[in-house]
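Marked as active site, proton acceptor by Swiss-Prot: 109. What Swiss-Prot lists as 3'-phosphoadenylyl sulfate binding site is 48-53, 131, 139, 194, 228-233, 258-260. As annotated by Swiss-Prot, substrate binding site applies to 107, 108, 109.
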């Protein structure tokens, strides 16, 4: 039986060729064998791409914008993370999902080929939120500073190198976004961009409402936009992850919800780092139609 000391600040473990958070890798057989339900709604993202934001949006849509219903529990209970396992600390994502009534919202950061086959077989609806790689790398670095489930990130310079070579949890950002983009050709996947959501939340949330086959009026839509704004969510203890023990997430090092903007990477990248990043990006993304904006 693993204890917290066995999983905190440990090296990543390979799972079918992908680097994975040590704590999550210990539970892989259960994750692979997970049974989906046909009406499950999957939220998939690469880490630090707006997952909690879109999770709360979808929960509000399913509850017709009823804020009181959305206060029924922490985001980790309402929208469990499939692969989340914290031995000796709290309920796993799978255990929580098994308790939740349908339609369940399932959060995951898994690449397409690690997602349990059951989700594909049941033709579950999926929403993928993608964010530009430069902002993701900066946000991920700060996340790994405060998240003790991850290996210590080292300096920003060291971390950026790991990010560019896919030596971070869940592997390469490039592989992740390209494979999910390709998968939408054969599966019901709504592919959204973080930057579009920041720029025009009303239009993007309308896309989610249509995809989920809901019909909500403008008053409810405006309520959802307000309740899920970064400023409101940052101060909402049900969604800002301050409910997790400080042994897991130390908000004194960096808050879970840090800035929620597009373009913050410019405060961290040197000219040389930016040039190197752009060269690698061009090579990796040359054969895809995916288009990202690094600022709004």
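From the backbone N, Cα and C atoms, a Cβ is placed for every residue, glycine too.
Ranked by CA distance from residue 108 (substrate binding site), the binding-site residues 51, 131, 228, 231 have 51 at the top as the closest.
The closest partner of residue 109 (active site, proton acceptor) among the binding-site residues, by CA position, is 48; the full candidate set was 48, 131, 228, 231.
Cβ environment of residue 48 (3'-phosphoadenylyl sulfate binding site): 131, 136, 139, 140, 143 lie under 8 Å away, each six or more residues apart in the same chain. There are 26 other Cβ atoms within 10 Å of the Cβ belonging to residue 131 (3'-phosphoadenylyl sulfate binding site).
Shown in sequence order, 43, 44, 45, 51, 81, 82, 83, 106, 110 are the same-chain residues outside 107, 108, 109 whose Cβ sits within 8 Å of the Cβ centre of the substrate site.
Cβ neighbour count for residue 228 (3'-phosphoadenylyl sulfate binding site): 24 (other Cβ atoms within 10 Å of its Cβ, all protein chains included).
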